[in-house]
Amino acid sequence: MAADFWASYQSKQLLSVEEVSRVAEEDLELGLTLQDTRLIKIAMTTYMRDLAQQAKLRQRVVATAVCYMRRMYVSKSLCEYDPRLVAPACLYLASKAEESVAQAKLLVFYAKKLKPGPENGAYQLEVKDLLDMELRVLEALDFRLVVYHPYRAAVQYLNDAKLTDVMQTTWSLLNDVYRTDLPLLHPPHVVALGCIHLAAFLKDRDAKPWLEDLKADMHAVRAVQMELLDHYEQYANIDPALTAAAMAKLPIRTRAART
Amino acid sequence: MSDLVGAKRYEKGRTLGEGTYGTVFEATDKVTGRIVAIKKIRLGKYKEGVNVTALREIKLLKELHDPHVIELIDVYPKKKNLNLVFEFMTSDLEGVIKDRSTVLSPADIKSYMQMALKAIAFCHRKWVLHRDLKPNNFLIATDGQMKLADFGLARIFGSPDRVFTHQVFARWYRAPELLFGSKQYGPGVDIWALACIFAELILRRPFLLGESDMDQLGKIFAAFGTPTEAVWPGMTSLPDYIEFVPCPPTTLRQLFPNVSEDCLDILQKMFTYDPRKRISAEAALSHRYFSTGPAPTKPDRLPRPPIRASGDNDAQDRSPVVLSPAHKSRRISFPNLDTNPQSDGGQPSTGVRRAATGGRPGGPGFDPMSISDEKGRPMLNSVDKSYLRKRKLMMDLALQESEDA
């Protein structure tokens, strides 16, 4: 999106690593660790991607939805806002905000069709739950819905750097960025540069001279790369049992469970 | 700050009217003491959650902060309703245009247009297309400042190749490229609509009153002549292009006999057929029309438009003939803001205004310029809206592959 990032709320809201790594009091009481919360968020990111694929939603919607979810849990607890409801609700809200509206009942239909995993097997999603949570998500986000993404910037940079052959790799890295809290920590163009640098490195291309000419914050660019590499090291192969164990610590708060 | 958040923060007052998706009422902000307008949005009978139009408005207004754009002060949910808290506005530009007791001097018109262009220039700078400009979406505050409202159809237009629906704007304000079905349009559509509003301010009646999309094109061509491929390259390849019987242009001077040369020139530039050659909001603001005399009237000295009565649009037509200038009598409604009611005395344009008022037969029904108000303004009807939704879904599907690739 070429709109004005620097004047946006998002630019004023970039967070520090400490802020995104805090576990809410209530969650700590339930025995959730920082590792648990990360696993849950990764599982939910995957879940949103799968659900979006079923519902034929654009990648952009998924990216926005993931940002909503991650932004929410900076201030809200997992136990109060059940991620199993938050994830589809964020996707639903993002589909509206990104102008490719998905129908609530279709989303619920596809959610039921998905293969049950630790992140969605525990209950059946209903339209009413989705719509209730949509409103709560909106409120938790303080109704700020515009999110800027690194994809467009990345394409422009790659063209400028004449590195279009690493486009595919960069794109995959960018998609994986959403499995981390990076979108909350850095402005999109820094995220894009970090991914480009890493992609070039993986493909034995030298992006350094071009990057150095840019006068970008190289420290931040490097931080993006390191975080991404860390992520691959730690979470490339997640044991589903670990995620399931983390999820099991959360009480189920759907209507069905309440009644 | 205490627990005065959400619904508790506002003292609800009288109902102001029925909006497109809910009731609007007046309230007092207990924190600031400010009077606000609260738009209550019913959540679509609980099938599709938060209304997309409302969501669009929230999304954009949360990011757009400008003196010429309405301020969204707060949003809070209450009992499955969503409440949008806006700054309180007393009237709108449609009220000004329709109120026959108000006379608009060239300086007043210039002031309104300057504020309108500033609002749109700001939106375009932020890559937002409003897509529903019409006089009743320009609201007027107690201090005379005009602000753009209703972003329910607005969109971010960052990507140059993005495909949009052409079913936007109330018909009378729709640009020719939209009527020809163009889906890759830009800020020019807002400029055309502003030009129509400009003309409406001058003529005191809607300028191009099409009764159908086809008729709208006919009205446009009757006024400015049928465009050719030479003046508007690419026109004939627009999706819904159809050939019209060539019609010679009337000169702008014939259409607007009483305006200055500069005014005609800027109108001409805003009513340019080729959207690429149409003047931008930014460029229009630096047009010499705004730098030559008469200087735009200061907003607080603009004639006071009638205050919007609660959901009663005809109130101003039934009001008794006002002998003194309308803005004076109406100021009484806001005694605390009315610090200097006589300040209009020294205003250069007052003479013109008074003279013109004197020439009127006095009763509202006699105004020869207002022939068509009874017809009512065309709004986006439900057919348009459902069409819009349908088209959008189709387009998103089609685009998805190319965008995600």
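For all residues, glycine too, the Cβ spot is worked out from N, Cα and C.
Here is what TrEMBL says about this protein:
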type: ACT_SITE; residues: B:Asp132; note: active site, proton acceptor
type: BINDING; residues: B:Leu16, B:Gly17, B:Glu18, B:Gly19, B:Thr20, B:Tyr21, B:Gly22, B:Thr23, B:Val24, B:Lys39, B:Lys40; note: ATP binding site
type: COMPBIAS; residues: B:336-349; note: compositional bias 'Polar residues'
type: DOMAIN; residues: B:10-290; note: domain 'Protein kinase'
type: REGION; residues: B:290-383; note: region 'Disordered'
If you count Cβ atoms within 10 Å of the Cβ of B:Lys40 (ATP binding site), leaving out that atom itself, what do you get?
18
Nearest-integer angstrom distance between the alpha carbons (Cα) of B:Leu16 (ATP binding site) and the residue listed as 'active site, proton acceptor':
22
Considering the recorded positions B:Glu18, B:Asp132, which residue's Cβ sits among the greatest number of other Cβ atoms within 10 Å?
B:Asp132
So, three-state DSSP: helix, strand or coil for B:Asp132 (active site, proton acceptor)?
coil
Give the mean pLDDT for the domain 'Protein kinase' (B:10-290) on the 0 to 100 scale.
89
For B:Gly22 (ATP binding site) and B:Asp132 (active site, proton acceptor), what Cα-Cα distance in Å is obtained after rounding to a whole number?
18
Can you tell me how far the Cα of B:Lys40 (ATP binding site) sits from the Cα of B:Asp132 (active site, proton acceptor), in Å?
21
Does B:Val24 (ATP binding site) have same-chain partners at least 6 apart in sequence with Cβ under 8 Å from its own Cβ, and which are they?
B:Thr15, B:Leu16, B:Gly17, B:Glu18, B:Ala37, B:Ile38, B:Lys39, B:Lys40
